[in-house]
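J.: Pulled these features from TrEMBL for this protein:
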- B:35-52: transmembrane segment (TRANSMEM)
- B:72-94: transmembrane segment (TRANSMEM)
- B:101-119: transmembrane segment (TRANSMEM)
- B:125-146: transmembrane segment (TRANSMEM)
- B:158-179: transmembrane segment (TRANSMEM)
- B:210-229: transmembrane segment (TRANSMEM)
- B:259-278: transmembrane segment (TRANSMEM)
- B:290-323: transmembrane segment (TRANSMEM)
- B:335-353: transmembrane segment (TRANSMEM)
Amino acid sequence: MSDTEQTPAVPAQAAAPAVETVREREPLLEVDHVTLRFGGVVALNDVDFTLYKGEILGLIGPNGAGKTTCFNAMTGIYQPTEGQIRFRGEKISGKKRHQITRMGMARTFQNIRLFPEMTALENVQVGADAHHKTSVISALLRLPRHWKEEREGREKAERLLEFVGIRKRMHEFARNLSYGEQRRLEIARALATDPVLLCLDEPAAGFNPAEKEELLQLIRQIRDQGVTVLLIEHDMRLVMGVTDRIVVLEFGKKIAEGLPAEVRDNPKVVAAYLGVPDDAA
Amino acid sequence: MTTTIDPPERRETAVDKLRNGRAAVADRWHHAPRWVRWVLLAAVIVFFYALPNKEFYQYLGPIPTPGANFTQVLFTVSIYVLLAVGLNIVVGFAGLLDLGYFGFFAVGAYTVAVLTSPSSNLKTLWPWLLVVPIAIALTMVSGVMLGTPTLRLRGDYLALVTLGFAEMIRIAAVSSTFLKGQRGFSEIPHPPGKYADGRPFFGVLDARPYYWLVLTLIILVVIGVRNLTHSRVGRAWISIREDEDAAQLMGVPTFKFKLWAFASGAAIAGLAGALFAGKQNFVNSQNFELLNSIIILAAVIFGGSGNIVGAIVGGGLVAYMIERFRGIELFGIELYEYRFLFFGLVLVIMMIFRPQGLIPNRRRAAEFKDRRKEVIVGE
Ligand SMILES: Nc1ncnc2c1ncn2[C@@H]1O[C@H](COP(=O)(O)OP(=O)(O)O)[C@@H](O)[C@H]1O
Ligand SMILES: [Mg+2]
């Protein structure tokens, strides 16, 4: 219960400036009237929202609402049927996935997708390699660039593993880590690509309240370091506690957008979540 | 539900045991003092340099082959080891199922044959040493040409296309007049070098110098491959093998690195082909049966794909066993005739105890299921 008392405090602080300045703030990601169809299924229906630099935006909605699909469209896995997505003012469509990552967008997965037969350290190093230039020639001949990037990547990876709290496990294969450690490792790997925007797809799924609280702390720290965060989350309480603004999807449509308190009291949102048991409510 | 969950769990433990066994050996190795490792490594290398000398191998009991000249066998085995090290990059590290790897070997051997042999229409008659880099470069180019359209596809397509490639090379060798079919290319020059008394170092009768040459190149190639795998390149390859989508989304230019894996693997096969042609003196279409691709693949899987030492051991053992069967009779039939039955068995056993050996197929299948779950159920 204590965390419900704490949680309004954070958005309240953040909300006051947010209301006034949100329009003047620099848009980072614009989802511009995006529709995405899979055959007959309309997974996203004219979804339209903007993410501003420095905020934590919550993307919520019942199961199957299209949240993950929205991430997939943003990261280049799917092309929108209609509309477009702009990141830092540039169109996403037509860009390769690794280019989008290098532009500063990183993500985690709802179903953890680490590299199981690589160590925790190597997993994060892959992320750090996103901005490295070493290729076959420099690696084969061990040119100075290889050594320099190797050292930098390694230091960065260790720092990030420390940050998410699993540095002790860095030489362990990813598949041998516990569920919670794997979720943390995914975040560390994503951060290693130096994102401007970090997209977390249900990062707290399967966590107990104490673990959720730790995760919340972690997300705030990430934001405080200047990373914008887009958070998909089922747990309304968690979303209320950490986000500056919330976008609500239902059946692929945006049904509400606003401050956490507004969204919580919105009758449409209440209806969408009605009948969804406490895990999601 | 419970019946479907049970068997995989039991298999998991068997696999784990094997994994842990290998891990324990690797662990002991990595924790041994540095000098111990160097001494052991040096001992192994000295052993293999000494191996083709009769004064040495006559004391090795059943190891020398009864049905074939042992030094010739060692040369063949060393070529297979080189090929296994190369294919291991493609299959073991990058997880690309290449069924036509031997095709690149053929490209290397034929490049040497065409540019050096007097029977060639080109009549260039270049020396062997000059042609080796050309052979490697051409093989790499053929790897890139094959890879560019196919590496954008995934999984089974690649297996089919590479299979087709090797078959295409073989058929070209059999039927094109330029490549001389069965008649082949003769008088391919040997590598240069003379003893003090003026006799050529690389002669016709003694296979030892060729074996030593290949052994030396294996060592150099392994150092090179190790440099690659212990770098951004190797991490990219393994991440592609483990989860190609995730790799892309973590900023790995997957197509570029798959192409590099393909090209590096091809280059090594080209080198092996050039060495083979330089020793053999004669190259014709019979040297390039499709089965050879399968044997090398079996060797890589057998040794534990994604592991350089595993590939060396796998390639060495598999090629050696084939030759070891020569001259041994069982019920009046030479055991050598049973060699592919033996491989079938080895593969079946591997699939039971080391199913992760065939990583590309299995993991891709599992991944595909995961992805469907993610996108369709959304949970
Ligand atoms: N690749 C796909 N093919 C067909 N339908 C899909 C695909 N991906 C998602 N969908 C559908 O889109 C809808 C939204 O799914 P998703 O984005 O995973 O929801 P959420 O993440 O909000 O739970 C679901 O109805 C799902 O069945
Ligand atoms: Mg989802």
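Please read every residue number as a count from 1 along the shown chain.
Every residue, even glycine, has its Cβ placed from backbone N, Cα and C.
Automatic, uncurated: that is what TrEMBL annotation is.
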J.: Do at least three CB pairs under 8 A connect the transmembrane segment (B:335-353) and the transmembrane segment (B:290-323), leaving out pairs fewer than 6 apart in sequence?
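T.: Between the transmembrane segment (B:290-323) and the transmembrane segment (B:335-353), contact is present.
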J.: Can you work out which residues elsewhere in the same chain, 6+ from the ends of the transmembrane segment (B:335-353), have a Cβ less than 8 Å from its Cβ atoms?
T.: 14-15, 18, 67, 291, 294-295, 298, 301-302, 318, 321-322, 325-329
J.: How about the transmembrane segment (B:72-94) and the transmembrane segment (B:125-146): do they have 3 or more C-beta pairs under 8 A, pairs 6 or more apart in sequence?
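T.: When sequence-distant Cβ pairs are counted, the transmembrane segment (B:125-146) does not touch the transmembrane segment (B:72-94), since fewer than 3 lie under 8 Å.
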J.: I'm a bit unsure how to read this: which one of B:35-52, B:125-146, B:210-229 has the highest number of Cβ pairs shorter than 8 Å with the transmembrane segment (B:101-119)?
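T.: The stretch with the most close Cβ contacts to the transmembrane segment (B:101-119) is B:125-146.
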J.: Would you call the transmembrane segment (B:210-229) and the transmembrane segment (B:35-52) in contact, using three or more Cβ pairs under 8 Å, pairs 6 or more apart in sequence?
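T.: Yes, the stretches contact each other.
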J.: Below 8 angstroms Cβ to Cβ, which residues of this chain, lying six or more residues outside the transmembrane segment (B:259-278), approach it?
T.: 79, 82-83, 85-87, 89-90, 93-94, 96, 98, 101-102, 104-113, 116, 128, 131-132, 135-140, 142-144, 146-148, 151, 188-191, 202, 210, 213-214, 217, 221, 225, 228, 233, 237, 287
J.: Which residues of the same chain, at least 6 past either end of the transmembrane segment (B:35-52), have a Cβ under 8 Å from a Cβ in it?
T.: 29, 70-71, 74, 207-208, 211-212, 215, 219
